[in-house]
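Peer 1: Sharing a structure with you now.
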Amino acid sequence: MHAMTSRPPSPGTPDTASETATLRSRLRHYRRRAEQLQRALDRRLPIEQAKGILAERHQIGVDEAFVLLRAFCRNHNRKIDEVAQALVEHRLQISRHVAC
């Protein structure tokens with residue numbers, strides 16, 4: 001039988017506890033980043049849908065629809081994601097002739 005001897009790590013050898021702490025820190029960072037990206041995506045989806053609704057309703061391009069959406073929000077001091085959600089849920093109509 002061979003007895004296992006514990007030798008101190010040689011200089012420059014990373015210790016397991018330090019590596020584990022570093023990996024946990026990175027994991028927390030990447031989880032937070034993934035959550036941020038998911039929230040941004042969730043916020044963006046109704047805006048894209050609202051652009052499509054406005055484009056179809058007014059027979060305009062999606063870029064012009066976005067200009068229309070932004071102008072409405074500016075003129076009514078409302079957040080774009082809230083207005084977009086209201087459009088998607090059919091709780092709001094936006095005229096094509098919003099003053100820019």
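A Cβ is built for glycine as well, from the same backbone N, Cα and C atoms used for every other residue.
Relevant sequence annotations retrieved from TrEMBL are reproduced here:
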type     : residues : note
COMPBIAS : 13-22    : compositional bias 'Polar residues'
DOMAIN   : 27-88    : domain 'ANTAR'
REGION   : 1-22     : region 'Disordered'
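Show me how these features fit into the structure around them.
Peer 2: For the compositional bias 'Polar residues' (13-22), the DSSP-based tally of helix, strand and coil residues reads 7 helix, 0 strand, 3 coil.
Over the domain 'ANTAR' (27-88), the average per-residue pLDDT in this prediction is 96.
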Peer 1: Counting by DSSP, what is the helix, strand and coil composition of the domain 'ANTAR' (27-88)?
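Peer 2: Secondary-structure breakdown of the domain 'ANTAR' (27-88): 56 helix, 0 strand, 6 coil.
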